[in-house]
Amino acid sequence: GPFALGVQALMGVIVLGALVFKRYREPYRRPWKIWYALCDVSKQIIGQAFVHGFNLLVSDFFAVHGGENPCSGYFLNITIDTTIGVLIIYGFMKLFHWLLVTKLHNERFRSGHYGKPPSIISWLLQLVVYVLILTLMKLLVAVSLAILPLFSISDFLLDEISPNAQVIISMCIWPLIMNVLQFWLIDSLIKSKS
């Protein structure tokens, strides 16, 4: 409902605030147009919206078909996405860079480079690759949740607290902490190195 949307919006503002703080701490600051308006942060926002939807679907799937606690599912998804998932994203970014930029010599796919003046086409191509990478990461996470006994760990951590506290922890507090970390790390991955 409206309260949940308001909480999510507040979390988004806090995560973006952390990225602004990161930007001001960088020795080389990207222009606002590159950093936010057109490119880097907007890729993350769109990607995170996709991942959030995917996490809700996966959590619901395991709750309905596997009898798992949806809070445990969401808690696991966030934890894996923001730790091992970032490593998976890094690996796929290296692979796609090697394939598209190094082998196929297409500079439009060089992450964080959008041309002079910045090209919406370059941004869009990079966004498509980034969402593809997120999709591959989420598929690996979903398979790992299906194969490995990870729900028992999450259940152990969450089952002793009330259902309302589970929702607050798994849907607000933990995602906020971990998403700030994830956005910070991914911003470092997708920005131009020059």
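Glycine residues also receive a Cβ, built from the backbone N, Cα and C atoms like all the rest.
Here the structure is a predicted model, which means the values were calculated and not measured.
Here's what TrEMBL has on this protein:
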TRANSMEM  6-24  transmembrane segment
TRANSMEM  45-64  transmembrane segment
TRANSMEM  84-102  transmembrane segment
TRANSMEM  123-147  transmembrane segment
TRANSMEM  167-186  transmembrane segment
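Proximity of the transmembrane segment (123-147) to the transmembrane segment (84-102) is established through 3 or more Cβ-Cβ distances under 8 Å for residue pairs spaced 6 or more apart. Within the chain, the transmembrane segment (6-24) has long-range Cβ neighbours (under 8 A, six or more residues past its boundaries) at 30, 35, 41, 44-45, 171-172, 175-176, 179-180, 183-184, 187. Residues 12, 70, 73-74, 77-78, 81, 127, 130-131, 134-135, 138, 141-142, 145, 151, 179, 183, 186 of the same chain lie 6 or more positions beyond the ends of the transmembrane segment (45-64) yet place their CB under 8 Å from a CB of it.
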